[in-house]
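A.B. asks: Submitted below is the structure of interest, expressed as structure tokens.
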């Protein structure tokens, strides 16, 4: 079942043009001219569609199409939101195509490291998370986009240009959701890999700790103790290089997609503000001829959708950062037992490497994507909503 779900994710995102690589077997990712041309075709078609749709939308929107200043403000926020959302898709395809060689190298090494630490005993966690991600894609992403397509947000006498950009907007929302899913999948397997490295390191260090707890036993077995120290030193060095290499791969991947992630978070910020403000003034207005309940329900659902997307990204980034920092606690355990110089140097090298590496997920050097980001985002949204509501009250 896990293989089928993972294959479904791979082929679905390949059809969307987000994966320009082929897979020969579970151990090798290859570059494919056919997949690259398909990604290029989808990227060019998406760019043409969003440019045409946004231009048509700008030409079709009158300067003062509403009797209320509130709706003019909301329309301006929605236009900014559309521009950011469309720019995200175009920039993501550009980053995929322009960094194809780097992406292939990073993904190939990423998969190799994940498979090198794979453990069948902890096999249940990963399939469960993949099942949840597939269910989220089928029920939330596809289901919500289908609901947007069926549930019209405008009345029948609406302008004809609206139906055109609605279709493009639904497609863009779907592609943006799949970009988020790919990032979540990267964070999921990254957290699992760090957890497996932490487990192996913890077992190795606790094996050395037995020299302290069972000192009388090991005092008469110096040769065996020396052999265990040598094996532990080799394993700690291997785990240290594996940890550092995997961290470098994660940082390289996020450096490629840092600007799309920045635009995704910015779009989520504007969507939440504009939709909450839209719901507020809709409830406050007595003249609701311009507003339909379908549009109101679409606004609430889309705001909840983007909130969940933002929450999942922050939780995934916080989890992988926490797992990446865990070896720093393990290697700093106090060991009051005689160790050889090589083992002490291995532990010290791993500890210094942990101190000298910043494992946080930074987005374009502007902010850190973690749980504190959610708190800052909620505070900023609350502040802007207060300002907008005060502006709305001053117009009456």
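The backbone N, Cα and C atoms fix where each Cβ goes, glycine too.
Predicted automatically and left uncurated, TrEMBL annotations should be read as such.
According to TrEMBL, the protein carries these features:
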TRANSMEM  38-60  transmembrane segment
TRANSMEM  72-94  transmembrane segment
TRANSMEM  130-150  transmembrane segment
TRANSMEM  170-194  transmembrane segment
TRANSMEM  259-280  transmembrane segment
TRANSMEM  300-320  transmembrane segment
TRANSMEM  364-391  transmembrane segment
A.B. asks: Take the C-beta pairs under 8 A between the transmembrane segment (72-94) and each of 38-60, 130-150, 259-280, 364-391. Which stretch has the highest count?
C.D. replies: 259-280
A.B. asks: For the transmembrane segment (300-320), find every same-chain residue at least 6 residues outside the stretch whose CB is under 8 Å from a CB in it, and list them.
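C.D. replies: Distant Cβ neighbours of the transmembrane segment (300-320) are 140, 144, 147-148, 173, 177, 180, 183-184, 187-188, 190-191, 194, 250, 261, 264-265, 267-268, 271-272, 275-276, 279, 361, 369-371, 373-374, 377.
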A.B. asks: Can you tell me which parts of the same chain pack against the transmembrane segment (38-60), counting only residues 6+ beyond its ends and a CB-CB cutoff under 8 A?
C.D. replies: 14, 16-20, 79, 82-83, 86, 89-90, 93-94, 96-97, 159, 161-162, 164-165, 168-169, 171-172, 175
A.B. asks: So what's near the transmembrane segment (170-194) in sequence-distant terms, Cβ-Cβ under 8 Å and 6+ beyond its ends?
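C.D. replies: Contacts with the transmembrane segment (170-194): 9, 12-13, 16, 18-19, 46, 49-50, 85-86, 88-89, 92, 110, 113-114, 117, 122, 125-126, 129-130, 133, 136-137, 140-142, 144-145, 148-149, 243, 246, 250, 253, 257, 260-261, 264, 267, 302, 305, 309, 312-313, 316-317, 319-320, 323-324, 326.
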